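Step one of this worksheet: look at the structure below.
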Amino acid sequence: MPSAPAAPAAPAAPDAAASVAPNPPAALPVTVRWLGETPYDACFDAMRAFTDARTPDTDDEIWVVEHPPVYTLGQAGNPAHLLVADSGVPLVKVDRGGQITYHGPGQIVAYLLVDLRRRKLMVRTLVTRIEEAVIETLAAYNLASARKAGAPGIYVESGPHRGAKIAALGLKIRNGCSYHGLSVNVKMDLRPFLAINPCGYAGLETIDMASLGATADWHEVAQTLVRRLIAHLDGATAAAALPQQALEQSND
């Protein structure tokens, strides 16, 4: 008489530590403020006041703005990089890093008010994440761009305008928190850049998205940029999830 088949071995008890997926870290909130066209001085004063008043519980913020024409010179900037003193465009000395740059209509400016200590970010890491967000934003409009060692900002990677600067970046860190931020040239009058050595580089070409063939408007690019910035900050925001129409109109 054949013997009964052996009973199957009991399955090994699962390793509790290996079988329970860890909870993902909670995303830190980011408040997005759409400020429309705002004078530079007003934003500069407000950024410093916000940073001085914030507490460990203050949410990080991104301010999206378009400035009337203005040159800004970083705290270690050389005034000699302003080549035309009587250009009619005001010059504001500020406390960010970097040299001289130009802000004006048709350019997106995004200010990042971020608690680096709470996010456990080094300054270099934050700069890299901002640059990646800009590169991804431009790629969404079929524009290839790249960072350049030793020269913060984003530069055209190929074509007849290879090496031209399309986005600038400058930050200030106070009490472990950042302010100032970045600018992306969408569709603007580029002539004011001819009156300066952009970011301190003589002869550096500055370009905008429109000159490279991109037809997206300011608001569309700004929305794309904000979403990429938040993704790289590992944050979450109600404003970034709004429908397109609501996002365009959510100006504070």
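Quick reminder: no glycine exception, Cβ is built from N, Cα and C everywhere.
Features of the protein shown, as given by Swiss-Prot:
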COMPBIAS  1-21  compositional bias 'Low complexity'
REGION    1-22  region 'Disordered'
DOMAIN    56-237  domain 'BPL/LPL catalytic'
BINDING   Arg96, Gly97, Gly98, Gln99, Ile100, Thr101, Tyr102, His103, Ala168, Leu169, Gly170, Gly181, Leu182, Ser183  substrate binding site
SITE      Lys165  site 'Lowers pKa of active site Cys'
ACT_SITE  Cys199  active site, acyl-thioester intermediate
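Structural mapping of features recorded in Swiss-Prot.
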{"residue": "Arg96", "record": "substrate binding site", "DSSP class": "coil"}
{"residue": "Tyr102", "record": "substrate binding site", "DSSP class": "strand"}
{"residue": "Lys165", "record": "site 'Lowers pKa of active site Cys'", "DSSP class": "strand"}
{"residue": "Gly170", "record": "substrate binding site", "DSSP class": "strand"}
{"residue": "Leu182", "record": "substrate binding site", "DSSP class": "strand"}
{"residue": "Cys199", "record": "active site, acyl-thioester intermediate", "DSSP class": "helix"}
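Gly170 (substrate binding site) sits 10 Å from the residue listed as 'active site, acyl-thioester intermediate', taking the CA atoms of both as reference points.
Among the residues Arg96, Gly97, Gly98, Gln99, Ile100, Thr101, Tyr102, His103, Ala168, Leu169, Gly170, Gly181, Leu182, Ser183 said to bind substrate, no two Cα atoms are farther apart than 16 Å. Non-local neighbourhood of Cys199 (active site, acyl-thioester intermediate): Gly98, Gln99, Ile100, Thr101, Ala151, Pro152, Gly153, Lys165, Ala168, each in the same chain, at least six residues away, with C-beta under 8 Å from its C-beta. Counting only same-chain residues six or more apart in sequence, the Cβ atoms lying under 8 angstroms from the Cβ of Arg96 (substrate binding site) belong to Thr72, Gly74, Gln75, Gly170, Leu171, Lys172, His180.
Each residue in the domain 'BPL/LPL catalytic' (56-237) has a pLDDT score, and their mean in this model is 92. Ala168 (substrate binding site) is surrounded by 25 other CB atoms, counting those within 10 A of its CB over all protein chains shown.
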